[in-house]
């Protein structure tokens, strides 16, 4: 019972602290949001190891493998180029079943415990990576960490959407993206002092911290509680999240009504309505642009790419700069997405992406002209990576 009451005690203390100073001068709907922000940060911690460090880890491996290819046992590990490519690809292969299972787990176990279950494949996968003595163990570990990534992506985003107020829901989702970028940046920084297998143990430690210390202290999603007829618990959670300035009972009734509209139908029926199909097509198109633009490939292979360019700047420092810029972009989005709106932020980000790829394309084109191709030409080969 102590653990179950801990979230409400912490939130009550936090509200009392916030209401004692300048927050008293703000509208009540504003100063009751700090508890939500605190939960956003706690929930998004899982994105540090399960997305940020998982996606960026191949850079740590590439950084070490060319000058120290030993495993934790002291044996040698030899990787071909196609095997290095698999380190990034297997995560996305594993994420597909993770995405499919995440919705079912969220309905059966609740949002909070589905986030805990999402860490289990990751723990097993990272243990295989840390203790790997051959390439096959690493590839299997990457697949399992991809399953965990798919599960965590869906469960965390659903939880954030269901506990946040509508007017700050965009910022809530961006906090998870900020944590993802922090995880990537931490991976590169730690790889400068730790070998790739010790880095795997760091990921395991963060996952265990989330499972043991953070997740049990989080409240269940009020939406899940309401649709499962746990009105008293839902009421308590909503009061802690929203405060007493809203009609909590009305919000619970609205959640129940929305659930009744799809109750008794098959899972596909609500998706076949024309206005729903239109929105699905729009979102699918946006995701296709986002996922096929190549940014995730760059994230996983930026160190290898920089190794082949012969840049004077240290490759680790260059990689850190890339992730710092990405982190800054996400922080800007946190502050602007609910003010400018989702569509404007999307257009601005896509415009910047087009500009960046245009500059990159012209740079590659010019450096591969006959006058520039020679003993210092840019070639993505294993030999260039050894320079």
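Using N, Cα and C of the backbone, Cβ positions are placed for all residues, glycine too.
Annotation source TrEMBL lists domain 'Major facilitator superfamily (MFS) profile' at 38-387. According to TrEMBL, the transmembrane segment annotation covers 86-106, 113-133, 139-160, 172-193, 199-218, 280-298, 318-338, 345-366.
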Segment confidence, the domain 'Major facilitator superfamily (MFS) profile' (38-387), expressed as mean pLDDT: 82
Which of 199-218, 280-298, 318-338, 345-366 contacts the transmembrane segment (113-133) most, counting Cβ pairs under 8 Å: 199-218
Recorded stretch that, among 139-160, 199-218, 345-366, has the most CB pairs under 8 Å to the transmembrane segment (172-193): 139-160
